[in-house]
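Enquirer: Handing you a structure now.
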């Protein structure tokens, strides 16, 4: 929390000479990419179409690899020359040796894994840093909808009915700070962003971020 | 049967007169490796791709076969502009040790024996590792220090794994397809049925059929028929044949013998064509080699130890309907590689064609293979 905030100016991402950066790479992935030192070893859990690892390899010279549960995405990624393996956060992280990576990334997936606490432990076992993004269940719209209608909230972020959502472990930014404290993780950086991944101005105040941030992005390390 | 006799065809080869030591403790006094190449080796000798063939395959990957007259067994994969692009890569494929297309095997002259005497069933038992050693001799002979990639399916995939484990510095990228790190009891069981059908054929003559010029055709054909079933899937068989009966047979005819169902005649055809291009003792030798294969056992039971410290980039590919080398076996290899912190891609291709899918038109597989190789070429700094 005391770490200096990342670069404030929203720098345009350099794409010249880049062969494979998905044109619409999500902004939160760009924010994650900014946190990662060039030349480092990165594991992206839930790598999707591979745009983050492709970007990290081709613009930052990272040894970036992915794990993805959707086979069609895996096939597409490998067919683009990206090292991705079919697997999932809950069962495959345990296979990697300690300290195999400098960064382990889990973006927008923590709320959907079976054992989020164990997944975080594994991330910080196999990696020096964990970068985690998740949708914030503490956002004011979520709170307001539940209070007003008495029904499970439906927002642009939480947009599936309760019986169909894969998000089985939603949490708030405050919850996540508590979990990190319980587990003894050091929060090196954190920020709240809106759904498009734009940084919000409340990031210095966790209470405000918890109310107004739609997504949270954390960088953790072991104490 | 207007195709040349198996023994009458000569094959491009290299002979090593200093022979080679084998895992079984014996040594071959002379080693011949028959091989084919496609494409051009570049000046830095960095674009060589070794393709490893499966049990009944051979070195004729992408050209008309000199014995059968049919196209290459992987001519959808290897060639100009294809996933293993011969405009870009120099592709090598060698007939395996123990095979019958020119490399040293049971059909070769026996060490130290009178002219005309073959090894036959006295050919030493060979392992997948022995096959790979023989290939390494060829690669050294060709002056290639590091293969850009080693690729193979089924038994060829076992060789890929063995290459990566035995010569990690010589393999930049490895693509084991539809394979496993060991032969399961079920794999061994099917192989044993094939071997027993050979032994039961009176023409096998205790393995000395070659002395009289006979061929244990029935036994070899049955072995092939059983094996062929394991290469397919129930869906593929149903789709291709269903319960259709042959044209001449009326549905009411309840004949005990003869070609009744189309699937029967298909298998008989597979069996009979196989006999003309394969040697029975080679079949015994090679099936045994696959049964012996257990890469973890070569490393105190720890599969990831086989790949400790490896810098090879792996792409493990399985097929969803392959029950001979199921995806779970490929996943086990991928996880062992993860434990060794290796760079591994792992894809299961959706297909209903069973184990044979790796030889068939599977666009997702071909795209994956092409993309993986292109990505590796970028990492290896291979010119486009």
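Here, residue 1 is simply the first one shown, and the rest follow in order.
Any Cβ shown, glycine's included, is placed from N, Cα and C.
Curation plays no part in TrEMBL annotations; they are all automatic predictions.
Feature table excerpt (TrEMBL):
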DOMAIN    B:47-360  domain 'AB hydrolase-1'
ACT_SITE  B:154  active site, nucleophile
BINDING   B:224, B:356  substrate binding site
ACT_SITE  B:322  active site
ACT_SITE  B:355  active site
Enquirer: Ten-angstrom check, please: count other Cβ atoms within 10 Å of the Cβ of residue B:322 (active site), all chains counted.
Expert: 29
Enquirer: Just how many other Cβ atoms lie inside 10 Å of the Cβ on residue B:356 (substrate binding site)?
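Expert: Taking all protein chains shown, residue B:356 (substrate binding site) has 23 Cβ neighbours within 10 Å.
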Enquirer: Give the residue from the recorded positions B:224, B:355 that has the most other Cβ atoms within 10 Å of its Cβ, counting over every protein chain displayed.
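Expert: In terms of Cβ crowding, the pick is B:355.
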Enquirer: Which ones are near residue B:154 (active site, nucleophile): of the recorded positions B:224, B:355, B:356, which have a Cα within 10 Å?
Expert: B:355, B:356
Enquirer: Across all the protein chains here, work out how many other Cβ atoms are within 10 Å of the Cβ of residue B:154 (active site, nucleophile).
Expert: 27
Enquirer: Given the recorded positions B:224, B:355, B:356, which one's Cα is the least distant from that of residue B:322 (active site)?
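Expert: Its closest listed neighbour, by Cα, is B:355.
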Enquirer: For the domain 'AB hydrolase-1' (B:47-360), would you mind checking the mean pLDDT of the predicted model?
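Expert: Summarising the domain 'AB hydrolase-1' (B:47-360) by its mean pLDDT gives 95.
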Enquirer: Measuring Cα to Cα, tell me the gap between residue B:355 (active site) and residue B:224 (substrate binding site) in whole angstrom.
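Expert: Between the alpha carbons of residue B:355 (active site) and residue B:224 (substrate binding site) there are 15 Å.
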